[in-house]
């Protein structure tokens, strides 16, 4: 029997619900084959002043699913936390001086030690002369004293203290150099392919770099892997040794974001990694190469607002929902349900319901035997301006093969039906 690929239109623009979340248990099916339309698609932190307050775009525009967008950032990557969809990118894989965005990896290692029990929040760590002498942004740790880990984390995250980073690195690994080896190993395991660290602070150094995409990846993993410690990034101020300092992330201070980190070097400009949650949708933003603290705050706020204003997450199907029934050849059942293998949540531009085409690709008919869970096809979402999104569909039940006599009868009947 001939086997052919068939695509069925499951939901046209007019049939999509107006709610923000869609879950189809048994969608209306259009039996005509459908086609999917495509449209053309020298301080390690903020120790200096504002510098050039210009907010003129730098270089070519960023690439987004809804068209180019100018930005003052030299490097940028914005992702949806839930789906991983990239909402904006500009030179996102280029190596860049990360400045104090580096401290996010230092925090990741420290949080991992806390979670495993190898470090305690109330555990005091000694302040070495190296830590005490650190330049740039400081927590002002006293030489020869021991500081609890919790205070050091606050000093590192809120005050961007280079001295706090060294105390933590030496307390965890014995030396900053050994701690940096942990940072690079962890970067590899997180898939941060354009990152390499030479220190725990972000102090300018040859061969010390990250990409904007890697910064966003690290931020997502910090939030996901250590929710119990993420609150440190949202604290607005901290007092230590009778010195009060505020969070350098203006978006946190204004209540527009709940993390994560800022940075600045002469070579890399002003950088920001921020995250915000609105109504259960979380956006993660990584920007670098901006000309001033004012430009950083303005652009961070503007691009967060742009992200929430232009994209939404839609639940198209829940895990186990029947998306389609596929005909079965030589099976004990005439059809097999094609079910979603997981919740299918998509980040799509606002207004996508009026443009999207949702279809299924599979080989028709399916050859028996079929095992439950066997991947048989794909759900395909086509939306102008976006690449097709494909998600696996699996058999919802077993379908055994007909016996020899029944198979012979079916084949004979099929051949006779051609004449």
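These residue numbers are counts, starting from 1, taken along the chain as shown.
Here the Cβ of each residue, glycine as well, is placed from N, Cα and C on the backbone.
Where the annotation comes from TrEMBL, it is an automatic prediction and has not been curated.
What TrEMBL records for this protein:
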SIGNAL    1-25  signal peptide
REGION    31-63  region 'Disordered'
COMPBIAS  34-57  compositional bias 'Low complexity'
ACT_SITE  100  active site, acyl-ester intermediate
ACT_SITE  103  active site, proton acceptor
ACT_SITE  160  active site
BINDING   261  substrate binding site
DOMAIN    311-401  domain 'Peptidase S11 D-Ala-D-Ala carboxypeptidase A C-terminal'
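Counting only the Cα atoms, the space from residue 100 (active site, acyl-ester intermediate) to the residue listed as 'active site' is about 7 angstrom.
DSSP places the residues of the domain 'Peptidase S11 D-Ala-D-Ala carboxypeptidase A C-terminal' (311-401) in helix, strand and coil in these numbers: 3 helix, 56 strand, 32 coil. Take the CB of residue 100 (active site, acyl-ester intermediate) and look out to 10 A: across all protein chains shown you find 31 other CB atoms. In this structure the C-alpha atoms belonging to the residue listed as 'active site' and residue 103 (active site, proton acceptor) are separated by 8 Å. Spatially close to the residue listed as 'substrate binding site' yet at least six residues away along the chain are 100, 101, 103, 104, 157, 160, 233, 249, 272, 273, judged by Cβ distances under 8 angstroms. Around the Cβ of the residue listed as 'active site', a 10 Å sphere holds 30 further Cβ atoms from the protein chains shown.
The DSSP secondary structure for the residue listed as 'active site' is coil. Just so you know, the Cβ of the residue listed as 'active site, proton acceptor' picks up 29 other Cβ atoms within 10 Å once every protein chain is counted. In the three-state DSSP reading, residue 103 (active site, proton acceptor) counts as helix.
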